[in-house]
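Okay, so here's the structure we're looking at.
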C-alpha cells in the first residue's frame, strides 16, 4: 500500500505539477496492449491515473468474440470461450502483419487452445481470420474492435472523447506488424502519436520521479509478459541546462537504450501450459474415457490454472476442482511447488537466455548494473526470480515499478511529451532499431557513377525523436561518404542495427533514368517495400542543363520503428538568362504625353486638351521622324548557372510483402465495424428495456406482498388485480424472451402500460410519503414568517386593513396546517387523500407570494419639522444646508438597508415559486 502511494505521488509531482494544458479537452492515453490483458493510463489536466473498466478493474482481458450472434468483449468474451471457441479470438495481435502458412495457428498458439481458423488473404498476402463460411475478418479489424473498446472505455472514464495515444509493442515486431497495428488503431478512431517498445516504456516510468545528476546509472529491465520475454539495458543521465531567456536552469534527463534482447515464444502462458499438461495426465488416469486433447477441456483447465499458479507463489501446493469436467465426472487434483519447478526446468533455462545475450552484446559487467528491475506477470513465479538472482549473484531483485502498469504509465507519459498542449518533465528517450535496413537500387544505374560517388547523409529528426521537443538542441548532421564501388553491388546499408530511432538519411547518386529502390531487413530476410521513382528530368525546353541529374532520396526512420521514403529529388544545374535592370522610362513617357496633346482655346477664354484626327496624323508623322533618328544598339544576353531540385514522383509496391490497409479497404473495414457497433447499441437498448420491464414486475410484486406502505395504501382487491396484470405482463415477457424478433419499442410499451395500471397504488404510496414532509415544511415556514412580519410591518406604507388581512392569512394557514396534520393521522390510506402534496405546496407558494408583495410597499415618508421647513425656504434663495442634506441621505440609506434586510428573507423564493407554479399547473391538470 505504501509503495503504491509513493508511485502515485511521484507521478503526481512529475506530471500534474509540471503539466500545462491549453485546452479543456487536452487528454492522452497510454495503451499497454498485452497478449492476455491490456492496461490504459490517462493523462489529463490535473490527473495521471489508470483507467478503470466497467467492473472497476485496472486491467482488462484482451479478447473479442461472438456468442449467439452477439459481439462480446473482454471478460464477457472470455467467459464463453469454452462454449464457442471457434468465434472467440485471443492472441489476435500475434496475427497482425504476418504471412499465411499452413499450421500458423498451432505455431502461434504454442499449445494454447485457439479454436478459430485462418485463411490466406491473397489480396494483401496476409491471414484472414474465419468467422463462418461467409464471413472473415482481418487481424486489423479484430484488433481495431478491441482498440475502439479501449477508446470508449477511456473516454467514458475521462468524461470526454480521447483520440491521442501511444501504444506499446514487443521489440521483435517487424515493420509490417507495426504498420498493421497503426492501421488497426486508425480503424478504432485513435491518433497514434507513436509506438513504443514495452520494456522501454517501463524505463520512462522509472525515470519520471528520478534525476541522475550525481552519476550515470545503468539499469536492466526484465519483462516477462504472457507471451514473450524482453530485456533492455538503459543508461540514464541528467544534466542542467539554462532556460532560454531566463536566468534559471532546468534538469534534462535522457534514457539511452544500449541494447534489447528477447524470446518471443516464452511467457507466462508457457508456464500455465506446463500445469495444464500435468493436469491432463492426471485426468487421463482418473477418467480414461476423457479426450484430453478436446479444446473445451483445455480451456476449462487453463482458466483454473491461473489461480493455481498464484497459489503456488505463496503456498507449497495448490488444488483444483472442476465439476462435471467430462460428462458427469468431476475432476480434482493437486500440484506441489517442487513439481511445478521440476516440470518447468527447460523454461527456466530459456528465461535466462535473453539476459545472457544482452550482457554479451552490450559488454556490460554485472557489477556495473545499478538496478535490475523486474516487471510483468511472469516474474511473479518464485523460481524464475531465484534463477535470475543466482545468475546475477544478487540477493534481491529490484521492484521499484508497478509490474502491471509501468508500461502503460510510460506510454502515456511518452504520448504527453509528443503533444503541444502538455509540458512534462524533460526526459529524452533514445530508442534503437533492432533490425538493420538495406536499400537496393535497380540495374538502370549500375554504371551511372564513379567510385565513391554515393553519399549517405544522416539527419537527426528533432520533431519526433526526442521525448521533449524543446528545440534546445541544434540539428545534428553527419555526412559520411560511403564507397559503393560505383554502385556495382547496388546495396547500401541504410540503417544499421542499434540506429537511433527518429532520424533521416539521404541516399545520393547520379542517374539519367527512372529507378527502383528495394528496402529489406537482411538479418531476418524480410522484404519491406519497393519504391519506383519516375519523371527524372532530361535536358530540353523546360530544363536547360547538361550532365546527369544527382538524385537525393530521403528516408525517415520514425519513432515507431518504420522506414519510409519521404521524398525523392533530382538536383540539376540549369542555365538561366541573367535578368537585365529595367530602364527608367518616366521622362520619355512624360515627353510623349506632352507631344500627343494640343491646346485649343475656347470661347470663354479657357483651354481644353483634345486628340482629334488632325492632331493624331501630325503625331504619327512626328513619331516616325523620331524613330528614324534612333541609333540601334545590340543587346548582350548573359547567362547564369543555378542549382535547383526537382521533386520526383514515386509509387510503392509490396511485392511478396504484407500490404497495409489501402484507403479503400480501410473504409470498408471501418464501415463493417460501424455496423457492428450499431447492432451492439440496438442490443444494449433492447436488453436495457427488457431488464427495466423485468425489474419492475419483480419489484412491484415484492412490494405488494411485503412492503408495509404498499399494504396500507391499497385494498386486497386492488392488489390482486394488479398482481394479475403483472402476471400477464410476465407471461408476455417470457414469450418475448423466446422470440428473437421482439423489438425494443414493444418492451418499452409494455412497461408504460403496466406502470399506468400500477399508478393508482404507486401514487397513494407517494402521497403517503410526501404529505407529512410538505406539511412540516409549510409549518416551519409559518413559524418563521410570523415574528418576521410583525417586525417588518411597522415600517411599511400599508393600511390597517391590509395589515390585518395579511396577518389573518398567516394565521389561517397555520390553522389549516394543524387541521390537515390531524386529518392525515386519521385518514384511510387505502383511498386517495383529500389533500395532496400539491395542495400543500400551493399553500406555501401563496403565502410566500403574499408576504413578498406586501414587503414591496413603499415606506411612510418622513415628515420634516417646521424649523426645517423655514430653513429650507430660506436656503432656496442661497446655498442649501449641506449638513441637513447629509443627515437626510444617511437616514434614507439606513431605511433602505432595513428594507433590503427584511426583503432578503424571501430573496431565494423566486425559483421555488416558479417551480411550484409549474407543479400547480400539473396539479390542476390532474
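Going from the start of the chain as shown, residues are counted 1 onward.
Even glycines carry a Cβ here, placed using N, Cα and C.
Range 458-485 is the one annotated as region 'Disordered', of 374-401, 402-429, 430-457, 458-485 (source: Swiss-Prot). The Cβ of residue 216 (N-linked glycosylation site) has 235, 236, 237 as same-chain neighbours under 8 Å, each 6 or more residues away in sequence. According to its DSSP assignment, residue 249 (N-linked glycosylation site) is in a strand. Of all the Cβ atoms in the protein chains shown, 10 others lie within 10 Å of the Cβ of residue 797 (N-linked glycosylation site). Secondary structure at residue 797 (N-linked glycosylation site), taken from DSSP and collapsed to helix, strand or coil, is coil. DSSP classifies residue 136 (N-linked glycosylation site) as strand under the three-state reduction.
Just so you know, of the glycosylation sites 136, 249, the Cβ with the fewest other Cβ atoms around it within 10 Å is the one at 249. Long-range Cβ neighbours of residue 311 (N-linked glycosylation site) (same chain, at least 6 residues apart, Cβ-Cβ under 8 Å): 318. Packing around residue 120 (N-linked glycosylation site) is summarised by its Cβ count: 14 other Cβ atoms lie within 10 angstroms of its Cβ, all protein chains included. Taken residue by residue with DSSP, residue 120 (N-linked glycosylation site) is part of a strand.
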